[in-house]
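These come from TrEMBL:
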DOMAIN    8-81  domain 'Ubiquitin Mut7-C'
DOMAIN    103-244  domain 'Mut7-C RNAse'
Amino acid sequence: MLVTMEKEALFKFYGPLRDFYPLNRKPDWGTYRFTGSPAVKDAVEALGVPHPEVGAILLNGMSVRFKEPLTPGACVEVFAHAEAPPGTEPLLPAVAPPGLPVFVVDVHLGTLARALRLLGFDTVYAQEMPDAAIAAVAEREERVVLTRDVGLLKHRKVQWGYWLRSQHTRPQLEEVIRRYDLKPWFQPFTRCTVCNGTLTEVPKEAVQERLPPKTKLYFHEFFQCASCRRVYWKGSHYDRMRTFLGQLE
C-alpha cells in the first residue's frame, strides 16, 4: 500500500487579510499541510484568502508569483495590496484596471449597486447570474467584482475584486470609496439607478406628459435614461443625496 507523506509549510497573513480567519483563530503563523507541489496561490486560497485581495507574497523572504511551487518547510508571508513591503513584486499592477473603475456586484448587493450608480459609476447588478457568468463578465469587461461571497473571488477568471467586510450598505459603500479612491470620480445624476443606463438632460416639454402634476408645476430641470426612458428630476431626494455625499468619508 502506497502511503503519501504530508508536508508542512508555515503561513502568515498581514493586515486586512486576517479578516478571512474566524474570529477565534487568528494566529501569527499557521501550519498548512499538503501533498504534491501545489502553487502558492492554491495554498493561500485553501487557507481562505481569495487571490484578488493579495498584493504580495514572500516565500522564505523572497518575493514570488502566485504560480510559485510551495516547498516543504517554507515560510510564506502574504500581504494585502496596501501592506506590501517595499521592493516586493506586485502580483497585480493595481487593485483595479486603470482609469475610471467599473463594477459588477452579486445578487445580494442590489442596494449597493443602486448607490454606486447614484454616484455615477457603471455597475452591473448580477441579479440572476451564476458565479461563472459573473466571473466571465468581469474578465470580458474588465470589471471589479464586489461581493460577500469569498468563493466567487477565488474564481480563476476574476482578476480584480473585493470582499465587503460589512453586511450593511452604507459602510459597504464607504469601504468601496476608500479602497478605489472614488471621490474624484463622483458624477451624480449621470446614471440610471434602476438599469445602469446613462442619463441625459432633456427639455421639460419632451417629458411633461409623464410628470406628476406638482412636478410639472415646481420643477424645470429633467434627465432621462437612454436605456429604460425613466425620467429623473432634482426633488427632495436630490437634497438628501447631496447631504449623503457630504457625509461620506
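Here the Cβ of each residue, glycine as well, is placed from N, Cα and C on the backbone.
Heads up, TrEMBL stuff is auto-annotated, nobody curated it.
Across the domain 'Mut7-C RNAse' (103-244), the DSSP tally of helix, strand and coil residues reads 61 helix, 26 strand, 55 coil. Mean model confidence for the domain 'Mut7-C RNAse' (103-244) is a pLDDT of 94.
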